[in-house]
């Protein structure tokens, strides 16, 4: 029997072979055959059995596995075998090598066979090889019968087609089974990808594949179902897939719009899709969506991969959340809300689905697509960054009504403990920034003593002023005062309080002014003629810090001499102790001078020269002040543990020097010099002697000196008030400053003598010895110019 006659029974329409393949033989449409499609006409150029036997060496054998795709009971199997034996005895044996080869999905025209379905990820069954002598199919029938005995009938019967690449049973191997043609045709029309026509390959009594209608297969994925069924009803969608020469275009590339969303393949065990309205699309087992791959006009292919963003190098593109065709700004009911992604500006966004049913799925990923640069892209990007019109909100600020709850259970991203608000919006949300303390930069609690300060600096300033503490900085009077280090150096903190303008009398003055205003208001109500008159205080205290206030802060503390009074006194031991004490006092004087406002602006050489010329002035005047304050000018208080009384003054070489020093304390006692006056006079003594050739910064020096002369006048006015005795007192104080030159000259002459006379064996500290060594030549040459207030 000819192969054409076996494949094309009488009374059936034939389909031209040009629809299936061109040029190189034909391939049987396995998909249509299983669905009852059109008959296939095999051309005469098909390879013969001999050709198939010659290609046996290049092909591998295949094991046909129907155990997971079909099942029947033992009784039906026996009936099938009996019917097959009867048909073989009654009818002559046809040459079905070509038909069987084609029905198994093998292209016998080429040695390289192509098994359909491997590109889609389905399990490959292998390749079929036919030997030249295997024209009898009894072994095949026995293997199929044995496999059918071991299989069981699965539940939920549904019609499906075998996977491409698996061999299909022939007419001799299965009995004929009758079915309803109308229902069968209706089922074919309802399935996507089928022929859907009324043309059948065989008649009812000659149909080879009607047995498939009685077989029940699972419609699920082979890898996901328990039975691992390889039969799929919707594997081959396009009929051109069976022919490699059907068209020039790649059958796997489908047309799609640029802005169309690319949906991933959703299997039965994966999460559902989301519609534009936020509803869940439930995928049925019979309609399993295949992965779609779209082609565009650009030179790249956009693949749909869940949770993966494809980035291109050819142009500026950006990632946009997929909203199923809706605009990211125009449609407020978008499917994805963005919040929780950290950016470089400190803002945080998170990605959540706008569906209440998906809020419980923590691992749900949004679908993204790569959008090529379009004219609207820059506008959307600017809107996402917060620019644009006021009625448009950014992604981070979107709060849709359809989103009932976020994936983490918080109703808004602001309630998340791990989400911090942007720094730029903190000030606008909480109002103006808090006011800071002008001393330590802490948060200010109010205006205290005329300055906006915190409570800690307020208490510190009050205690420092009322306690009359003489703080001394251990550094260079430039310590950093902030919230953390404000307690390290009280001297620098007190100085900064004065620089900020804190004044203890500001609070009292404020109360006085308030009381005066209340009294004025009461008097104005009683007498109408005084209603237009206002009472103004005579002089308001200056709230800005004065130089005298700064001088109070930087005043050095009193040093101890470490003299042992239990040991009998001697002139040598007292003078040696005084020299050691003088060396430490010189060091403190250097620190004090550098802290004087304006002194460090001078040239460094000028600073050293002024200190070398004035060190004895500073020590003698400070000694007179301590003696005046502690002993009323009758004793010399060098240190709290070293006081020169009348008995010690009688020691050899002590009386003449003590007499000059007592003169200073006596004058201070007579004039009743105040502390502010003393500070200004001490600063002027630092600036009382200069070289004859002048200083390198002479103009600045004269300006600084004149400034402190005016400060001395202010201190006098503060002490005496507005009286005619101010100029007289100024004359007396400046006269005392001029007399200091004579006292210091006598003290220096004795100091130089003891320093040069090695027989006296009086020790000098290193720093003091260096100063004396540098100063002796200048005094001997007369290279010193005295700055006097009055002429002799």
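Note that Cβ sites are derived from N, Cα and C of the backbone, with glycine treated the same way.
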Checking 1-25, 451-475 against Swiss-Prot, the stretch recorded as region 'Disordered' is 1-25
Can you dig through Swiss-Prot and tell me which residue of 161, 168 is labelled phosphothreonine?
168
From the ranges 416-436, 437-457, 500-520, grab the one Swiss-Prot calls zinc finger.
437-457
With respect to Swiss-Prot, which of the residues 324, 674, 689 bears the note phosphoserine?
324
Separation of alpha carbons, residue 718 (SUMO cross-link) and residue 496 (N6-acetyllysine) (Å):
23
Tell me which residues of the chain lie with their Cβ under 8 angstroms from that of residue 718 (SUMO cross-link), as long as they are six or more apart in sequence?
676
Based on DSSP, name the secondary structure state of residue 718 (SUMO cross-link): helix, strand or coil.
helix
Would you list the DSSP helix, strand and coil counts for the residues of the zinc finger (473-497)?
8 helix, 0 strand, 17 coil
Local Cβ density at residue 496 (N6-acetyllysine) - other Cβ atoms counted within 10 Å:
22
Per DSSP, what is the residue count of the zinc finger (437-457) in each of helix, strand and coil?
3 helix, 7 strand, 11 coil
